[in-house]
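This report refers to the structure that appears directly beneath it.
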Number of protein chains: 2
Amino acid sequence: MKRPLIVQKFGGTSVGSVERIGNVAEQVIRAKQTGKQVVVVVSAMSGETNRLVDLAKQVDSVPNARELDVLLAAGEQVSMALLSMALNKLGHAAVSLTGAQAQITTNSRHNNATISHVDTSVIDQYLDQDKVVIVAGFQGVNESGDITTLGRGGSDTTAVTLAGVLNAEECQIYTDVDGVYSCDPRVVTNAVKWPEIDFPTMHEMARKGAKVLHLPCVSYAWQHQVPLRVLSSFESGQGTLVVGEQAKAQVQGVALRKQMRLLKIAKSHVDVVDKQKEMLGVDEAEWLHDEHFSQLLLKSDCSDKLKLVIENKLVAEQDVALITMIGVEAIAQASQYQQLLNHSDISVLHFCEDKHSITLVIEPEAIDKAAVVLHDNTIITSGTVVEDVKQVHLG
Amino acid sequence: MKRPLIVQKFGGTSVGSVERIGNVAEQVIRAKQTGKQVVVVVSAMSGETNRLVDLAKQVDSVPNARELDVLLAAGEQVSMALLSMALNKLGHAAVSLTGAQAQITTNSRHNNATISHVDTSVIDQYLDQDKVVIVAGFQGVNESGDITTLGRGGSDTTAVTLAGVLNAEECQIYTDVDGVYSCDPRVVTNAVKWPEIDFPTMHEMARKGAKVLHLPCVSYAWQHQVPLRVLSSFESGQGTLVVGEQAKAQVQGVALRKQMRLLKIAKSHVDVVDKQKEMLGVDEAEWLHDEHFSQLLLKSDCSDKLKLVIENKLVAEQDVALITMIGVEAIAQASQYQQLLNHSDISVLHFCEDKHSITLVIEPEAIDKAAVVLHDNTIITSGTVVEDVKQVHLG
């Protein structure tokens with residue numbers, strides 16, 4: 001049984017100015033006026049984190065990790081205080097809490113910490129007083145009382161974790177897009193916004209390159225059964241609700257990944273290279289093996305680092321792009337995808353299968369064209385499909 | 001027995017840029033290299049507090065007091081982290097602590113809190129590890145865990161309080177002047193810098209308008225026997241050491257107060273006006289009574305507020321300035337001061353005696369000239385006097 005409580009998360013652009021903070025306050029009040037308790041998680045005002053990092057780099061090109069966290073945590077402290085002032089001014093009692101005050105305990109990995117525990121007693125106490133509780137995203141405190149930060153996507157992680165431990169009805173992620181689309185709408189103009197999408201599909205989309213939600217946020221929400229909603233901070237609308245365990249049969253997402261690279265390695269060196277890859281902390285890399293060679297598929301920037309240590313073991317390399325078709329049926333349709341691309345003079349260099357998806361490795365120049373061809377010919381050809389899907393989901 | 005520990009306090013201009021923070025780091029290292037433990041208290045970078053207050057005022061002309069403290073406290077968090085980075089980069093282990101982390105407990109009077117207790121265990125733990133401990137000035141935390149700020153001069157208060165509870169040898173206040181002068185050197189060019197000054201004189205100077213040290217800082221240091229040293233952040237030198245219980249006989253300070261006002265009140269209304277003055281929180285106001293009328297002497301800006309509520313009880317008002325001669329002998333010399341001023345065509349409107357000082361109320365236009373006349377003719381006429389005094393103090 002969920003508690004009548006909404007967690008809302010607003011990113012840096014949403015709180016990027018005093019005027020926008022005023023808009024956020026109005027969004028918060030709308031949620032409060034439905035009679036529910038509201039916990040708000042905020043990022044630093046856009047530009048502020050960069051300003052602070054610039055100051056730090058002026059002092060030291062590799063700033064002390066503990067102190068960088070102290071510095072960056074000041075960013076959310078500003079935005080949360082301003083939002084709380086705005087709410088109080090509008091007659092809605094609100095209180096802001098730093099990560100430490102909200103008792104968000106993390107491990108001690110500075111700049112990239114993981115939340116280990118949240119003691120909700122302080123938050124609960126203020127919620128019981130009918131106050132809106134505003135919590136600094138992205139930050140926590142380790143067992144020794146040092147300030148820590150969570151790394152990339154940290155405010156989303158804070159929001160979904162609070163939604164989990166508080167047993168919230170919904171965790172709303174306000175962002176600069178108005179929902180989850182079938183493909184990046186800047187590339188595929190026919191991309192459609194889903195009113196609802198299941199966790200397995202959303203998870204696979206995040207894992208394969210869709211940027212709308214961070215993977216750890218989706219993982220946590222799925223694991224703890226927290227309904228997630230992606231909404232625009234700037235437009236009204238219901239956004240996309242991420243909910244449900246059951247992956248749809250039909251393809252719902254086309255995820256794109258540009259700036260990838262294939263490194264060709266002699267089979268005898270695979271173990272050594274694999275170890276070096278681990279040591280460098282390169283993740284999201286994948287091996288493709290054939291009879292004679294093995295190829296490591298990874299991000300271009302990670303590849304640059306790895307190449308420095310494996311130089312003599314590298315036979316050849318190639319820039320590539322990835323297009324992933326997500327849905328249970330996708331794997332069975334591999335040959336159709338290949339045909340469609342061949343008709344458009346695009347060759348598929350490799351296929352990589354996953355549980356709910358198939359990834360096509362192609363030349364980087366072809367990615368946008370391939371996305372349009374595969375998207376428009378296989379899954380969605382008109383807006384009406386969205387309605388059909390909606391009926392399936394809600395029916 | 002004092003502990004071999006120095007507390008150094010650097011104000012906003014001292015940490016006003018990354019370059020200046022580098023200079024501060026060098027000052028800290030020089031103290032550390034004498035073999036002593038060092039605790040550093042920093043203010044927010046100059047301009048930062050104003051920037052944050054401006055943001056708050058854009059949200060609400062009277063911002064929520066609790067949230068204003070959360071907002072302002074972010075200022076010192078930035079400067080302390082940058083200083084700690086600078087020290088760590090230079091090979092000196094340092095750690096920064098917010099008011100809450102340093103366990104500086106205050107009462108709950110937001111924006112103007114008073115320190116009630118400091119638990120030094122966290123600071124001591126880091127000092128035992130031979131680290132420089134950098135503490136955010138101006139801020140603390142109340143019993144409920146809310147962030148508080150100490151109001152004007154708060155970083156000096158933090159520094160002197162830490163020096164007291166840590167039993168430090170010395171509390172060094174780095175500022176934009178290089179010591180305590182016999183009078184404001186911008187007004188009296190012959191003003192001399194004291195190498196040493198006693199607490200009763202320094203206290204009276206701060207109380208009567210000298211701006212070099214805040215009164216609560218001097219009071220605390222005197223009460224807890226913390227030797228205070230005023231130094232320049234930008235020039236080398238020994239500055240002025242404030243130490244010793246015994247007030248000197250000779251006049252050592254001429255304190256000036258401009259922008260004061262005399263409000264003439266019918267005797268029958270004195271009690272009512274006094275009560276209204278209390279209610280408005282007007283402090284540092286003084287009654288002068290004569291046979292027919294009573295006059296209230298107070299700051300012009302306080303007077304403006306008070307006048308709104310006592311309008312019909314006000315008989316007349318006059319802008320004035322105050323010049324206070326500080327020293328045990330000063331009171332006996334009142335008539336000489338009057339003669340000196342009369343020779344320069346300056347009339348004395350009133351005298352107010354205190355334990356170690358006498359204050360002359362004059363017309364505001366005459367203040368600079370009166371300061372030069374009284375200073376140069378009574379206490380110090382040449383630099384050699386400084387040496388004499390030094391001998392007296394050190395002999």
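Every residue, even glycine, has its Cβ placed from backbone N, Cα and C.
Taking a C-beta cut-off of under 8 angstroms and a sequence separation of 6 or more, B:Lys211 (ATP binding site) has the following same-chain neighbours: B:Asp184. The annotation ATP binding site is assigned in TrEMBL to B:Lys9, B:Phe10, B:Gly11, B:Gly12, B:Thr175, B:Asp176, B:Tyr181, B:Arg186, B:Lys211, B:Val212.
Marked as substrate binding site by TrEMBL: B:Thr49, B:Glu76. Annotation note: B:Thr49 (substrate binding site) sits in a helical segment as assigned by DSSP. Counting every protein chain shown, the Cβ of B:Thr49 (substrate binding site) has 19 other Cβ atoms within 10 Å.
Look at TrEMBL and you will find B:5-231 tagged as domain 'Aspartate/glutamate/uridylate kinase'.
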Q) Measuring Cα to Cα, how many angstrom lie between B:Thr49 (substrate binding site) and B:Lys9 (ATP binding site)? A) 17
Q.
Return only the integer: C-alpha distance in Å from B:Glu76 (substrate binding site) to B:Gly11 (ATP binding site).
A. 10
Q: Inside 10 Å of the Cβ of B:Lys9 (ATP binding site), count up the other Cβ atoms and send me the figure.
A: 28
Q. How would DSSP class B:Lys9 (ATP binding site) in three states?
A. strand
(Q) Just checking a number: largest C-alpha distance across B:Lys9, B:Phe10, B:Gly11, B:Gly12, B:Thr175, B:Asp176, B:Tyr181, B:Arg186, B:Lys211, B:Val212 for the ATP site, rounded to a whole Å. (A) 24
